[in-house]
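Data block below; observations after.
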Amino acid sequence: MAQILLHGTLHVTIYEVDNLQKEGGGHFFSKIKEHVEETIGFGKGTPAIYATVDLEKARVGRTRKIKNEPNNPRWYESFHIYCAHMASNVIFTVKDDNPIGATLIGRAYVPVEELLEGEEIDKWVEILDREMNPIAEGSKIHVKLQFFDVSRDPNWERGIRSSKYPGVPYTFFAQRTGCRVSLYQDAHVPDNFIPKIPLSGGKYYEPHRCWEDIFDAIINAKHLIYITGWSVYTEITLVRDSRRQKPGGDITLGELLKKKASEGVKVLMLVWDDRTSVGLLKKDGLMATHDQETEQFFQGTEVNCVLCPRNPDDGGSIVQSLQIGTMFTHHQKIVVVDSELPSGESEKRRILSFVGGIDLCDGRYDTPFHSLFRTLDTAHHDDFHQPNFPDGAITKGGPREPWHDIHSRLEGPIAWDVLFNFEQRWRKQGGKDVLVNFRELDDIIIPPSPVMHLDDSETWNVQLFRSIDEGAAFGFPETPEDAAKAGLVSGXDNIIDRSIQDAYIHAIRRAKNFIYIENQYFLGSSYDWQSDDIKVEDIGALHVIPKELALKIVSKIEAGERFTVYVVVPMWPEGIPESASVQAILDWQRRTMEMMYKHIVQALNAKGIEEDPRNYLTFFCIGNREVKKSGAYEPSETPEPDSDYIRAQEARRFMIYVHSKMMIVDDEYIIVGSANINQRSMDGARDSEIAMGAYQPHHLATREPARGQIHGFRMALWYEHLGMLDETFLHPESEECVSKVNRMADKYWDLYSSESLERDLPGHLLRYPIGVASEGDVTELPGAEHFPDTKARVLGTKSDYLPPILTT
């Protein structure tokens with residue numbers, strides 16, 4: 001049967017299976033011993049029956065296990081599934097769970113073509129065995145399905161049409177109005193760095209300074225300071241700009257938090273407990289998180305610092321529990337404090353929150369200059385970060401690894417949602433009940449309330465999103481029905497918040513003109529990768545974001561409209577670039593890019609358009625190269641001969657590490673958070689994540705392009721990366737703009753990768769060093785099989801021993 005594109009939303013309810021019993025009352029399960037799937041088995045106990053929903057080989061839903069109804073398991077579970085899949089059938093698979101793996105009972109098939117009209121289908125479907133014969137007693141599964149094609153969505157390709165836009169549906173947190181958002185590029189921006197960027201209403205864009213604002217927020221807190229991090233390092237200082245000194249600004253973060261706790265402020269910290277401190281990836285030179293040092297630093301003080309492992313929920317198999325506990329992380333980066341009211345008039349306090357990609361740890365402080373060598377005796381002398389060489393050290397000199405990142409400050413009702421997320425996590429894993437009791441502070445801390453009038457042109461609407469499950473958050477509903485009402489997804493006896501992925505999908509589907517992405521990773525939609533040398537069903541990077549982007553571009557090509565997607569990623573994921581894990585991730589990235597380009601090339605060919613697919617989808621990395629100046633820092637040692645380190649030092653170049661997790665749509669909507677574009681971050685049951693999606697209702701791209709704070713922020717980022725601003729940048733979807741940006745990035749790549757260098761690189765944005773062949777295959781650039789100064793393949797290498805769950 002031919003496969004058909006299902007692009008939209010599929011509502012599915014799985015009710016029950018009848019008659020799992022053979023004639024004469026004998027137990028059905030004795031019949032299926034020979035059909036054991038993926039089972040080592042510890043001896044069978046009570047049958048635990050569950051059902052899954054698959055679109056061909058992509059698993060898109062799973063029920064809980066039913067233990068005491070082996071003959072007639074009843075689930076009555078509903079699923080809200082975002083699809084971007086080619087499929088001929090929606091497949092319902094019924095299995096019996098084992099401690100390791102599961103036993104196949106059978107599969108039921110509903111042809112996709114029955115769904116295309118959008119009618120509700122409610123029926124009993126025959127369950128078949130592997131040979132497509134009915135299983136014993138003609139057992140059936142009762143299901144209900146209804147498909148809503150994306151083109152019927154009132155928001156499809158129409159952007160945010162008014163301030164009445166209610167936010168992303170089916171989520172745990174509702175959208176909040178009357179908020180204020182501050183957007184941060186990098187940990188610090190020096191004075192006078194950003195040129196005049198005009199906004200609507202005769203205003204100009206003003207940059208904010210992340211670590212200075214966090215320093216001020218901590219210093220001024222009187223009741224609470226709550227912090228979560230993948231890493232928190234006590235030895236860093238937050239204020240380092242000699243032109244912008246603050247009283248007490250030279251204090252380390254650890255001493256600052258101890259000082260605040262001694263003043264009676266409740267300081268609570270949840271820091272990821274890195275169980276792989278001795279694990280699989282250690283040899284790849286991945287950065288230590290300092291979790292043990294941080295815990296020891298605060299022992300015996302009034303700071304409550306809890307090392308927090310990524311514990312699985314209780315419902316998984318033995319294998320799943322091992323995977324979650326050792327492979328996945330707590331990745332949220334938040335700070336929540338009490339703060340004075342904006343007017344500063346009364347003694348009352350409010351809640352203020354920070355959310356984004358920047359951990360409060362070493363290696364994160366940087367400015368848009370991203371110097372490799374020139375800050376080694378100043379801002380980075382005591383904070384030298386270079387984990388891409390096995391022996392990177394300040395004593396051996398640069399290049400250090402510069403760090404580009406994005407963060408946000410949230411004020412108004414949205415700040416309380418971030419607080420509630422912290423409280424849920426603390427109640428689950430924090431141990432002692434030492435959270436601030438807000439009832440006792442009723443007369444001091446005001447309840448959630450707007451900080452901006454709704455008719456103020458600078459007001460924001462903001463919504464909080466997460467990837468997290470009940471293994472990491474307290475108080476999730478216990479039944480699938482209640483979970484669905486709360487905007488959560490039920491899995492294998494696990495309740496999951498997967499709203500970050502949902503937010504990306506909704507934003508991409510709404511997009512009208514362009515999308516700008518900065519992310520540390522870019523891989524996914526593995527169900528649509530080419531399967532020449534892999535079994536795609538074994539990869540499991542099933543989130544749909546790359547496929548949604550490709551389908552958006554295709555829909556615009558078919559409609560004869562311009563649309564451009566810009567993606568900025570690091571040259572390679574942090575670590576030794578030749579190592580197996582880094583090479584495996586680059587291989588997944590290449591497959592993801594190739595899947596997207598193949599769709600674009602097919603759409604262009606179908607319309608008879610001869611155009612470079614990079615005019616529709618274009619990938620960049622960022623890097624720097626600096627000539628040597630007199631009086632520069634001189635290291636006392638030299639790196640190993642014939643190493644990546646010495647080659648990079650002599651060529652005076654290195655990548656700028658892109659750690660951002662951001663997407664801007666049409667200059668009107670922005671997502672900022674901790675979540676990467678990979679399965680770990682988007683899954684919900686793997687790494688824990690947090691993000692916010694926001695827009696200014698008075699600055700929408702309805703009749704003319706949006707020119708609010710999001711536009712100003714994007715232009716500031718483009719100025720940082722390109723070293724200049726241009727009129728064409730006002731219309732990123734235009735062929736003039738994408739051609740200019742691609743030309744500049746090509747030129748900067750040539751300068752970056754050339755043998756010699758006359759002067760500093762004029763801009764940082766580099767073409768990602770790949771080519772796109774006529775059929776959409778991703779190829780090496782001539783002479784660029786390896787990244788400069790390394791022996792690491794740009795296109796990556798498939799790993800034969802690292803499990804995909806680790807690298808996707």
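First residue shown is number 1, and so on along the chain.
Yeah, the Cβs are placed from backbone N, Cα and C, and that goes for glycine too.
Per Swiss-Prot, domain 'C2' is recorded for 1-125, and the stated evidence type is sequence analysis.
Around His404 (Ca(2+) binding site), the same-chain residues at least 6 positions away in sequence with a Cβ under 8 Å from its Cβ are Gln185, Asp186, Asp366, His370, Glu518, Ile622, Ile656, Tyr657, Val658, His659, Ser660, Glu720. Residues annotated as Ca(2+) binding site in Swiss-Prot, with similarity to another entry given as evidence: Asp186, His370, His404, Glu720.
The domain 'PLD phosphodiesterase 1' feature in Swiss-Prot is assigned to 326-364; the stated evidence is sequence analysis. Beyond its flanks by at least six residues, the domain 'PLD phosphodiesterase 1' (326-364) meets 184, 187, 210-211, 213-214, 217-218, 220-233, 235-236, 238, 253, 270, 272, 274-276, 279, 287, 289-290, 308, 310, 383, 385, 387, 401, 403, 405-411, 414-416, 418-419, 421-422, 425, 441, 444-446, 448-449, 451, 464, 466, 472, 520, 659-662, 672-675, 680-681, 686-692, 805-806 of its own chain at Cβ-Cβ distances under 8 Å.
Look at Swiss-Prot and you will find His331, Gln520, His659 tagged as 1,2-diacyl-sn-glycero-3-phosphate binding site, backed by similarity to another entry. According to its DSSP assignment, His331 (1,2-diacyl-sn-glycero-3-phosphate binding site) is coil.
Taking the Cβ of His331 (1,2-diacyl-sn-glycero-3-phosphate binding site) as reference, residues of its chain lying under 8 Å away and at least six apart in sequence are, in sequence order, Trp230, Trp272, Ser674, Ala675, Ser681, Asp687, Ser688, Glu689. The feature active site is assigned by Swiss-Prot to His331 (among others), with sequence analysis given as support.
Sequence-distant neighbours of Lys333 (active site) (same chain, 6+ apart, CB under 8 A from its CB) are Thr228, Gly229, Trp230, Val355, Gly356, Gly357, Ile358, Asp359, Leu360, His407, Ser674, Ile690. Taken from Swiss-Prot, the feature active site applies to Lys333 (among others), supported by sequence analysis.
Feature annotation from Swiss-Prot assigns active site to Asp338 (among others). In sequence order, Ala221, Lys222, His223, Leu224, Arg349, Arg350, Ile351, Leu352, Ile445 are the residues near Asp338 (active site), counting only same-chain partners six or more apart with C-beta under 8 A.
Summarising the annotation, Swiss-Prot assigns domain 'PLD phosphodiesterase 2' to 654-681 and lists sequence analysis as the type of evidence. With a threshold of 8 Å between CB atoms, the same-chain residues lying at least 6 positions outside the domain 'PLD phosphodiesterase 2' (654-681) that come near it are 159-160, 183, 230, 328-329, 331-333, 355-358, 370, 372, 398-408, 465, 467, 500, 503-504, 507-508, 510-524, 540-543, 545-546, 568-572, 574, 621-624, 648, 687, 689-696, 699-701, 705-708, 710-711, 713-714, 764, 787, 808.
The active site feature in Swiss-Prot is assigned to His659 (among others); the stated evidence is sequence analysis. In the three-state DSSP scheme, His659 (1,2-diacyl-sn-glycero-3-phosphate binding site) falls into the coil class.
Every protein chain shown contributes to the tally, and the Cβ of Lys661 (active site) ends up with 28 other Cβ atoms within 10 Å. Here Swiss-Prot flags Lys661 (among others) as active site.
Proximity of Asp666 (active site) to non-local residues of its own chain (separation of 6 or more, Cβ distance below 8 Å) is seen for Gly159, Ala511, Lys512, Asn513, Phe514, Ile515, Ala701, Pro705, Ala706, given in sequence order. The active site annotation in Swiss-Prot covers Asp666 (among others) and rests on sequence analysis.
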Could you tell me which three-state DSSP class Glu720 (Ca(2+) binding site) falls into?
helix
Please list the DSSP helix, strand and coil residue counts for the domain 'C2' (1-125).
14 helix, 69 strand, 42 coil
Rank the binding-site residues Asp186, Glu720 by the number of other Cβ atoms within 10 Å of each Cβ, and give the residue at the low end.
Glu720
Residue distribution over DSSP helix, strand and coil in the domain 'PLD phosphodiesterase 1' (326-364):
2 helix, 16 strand, 21 coil
Report the largest Cα to Cα distance, in Å and rounded to a whole number, among the residues His331, Gln520, His659 that the record lists as binding 1,2-diacyl-sn-glycero-3-phosphate.
13
For Gln520 (1,2-diacyl-sn-glycero-3-phosphate binding site), which residues in the same chain are close in space, meaning a Cβ under 8 Å from its Cβ, but six or more apart along the sequence?
Gly357, Val569, Pro570, Pro573, Tyr657, Val658, His659, Ser660, Lys661, Asn676
Just give the helix, strand and coil counts over the domain 'PLD phosphodiesterase 2' (654-681), going by DSSP.
3 helix, 15 strand, 10 coil
With every protein chain in view, how many other Cβ atoms are within 10 Å of the Cβ of His659 (1,2-diacyl-sn-glycero-3-phosphate binding site)?
24
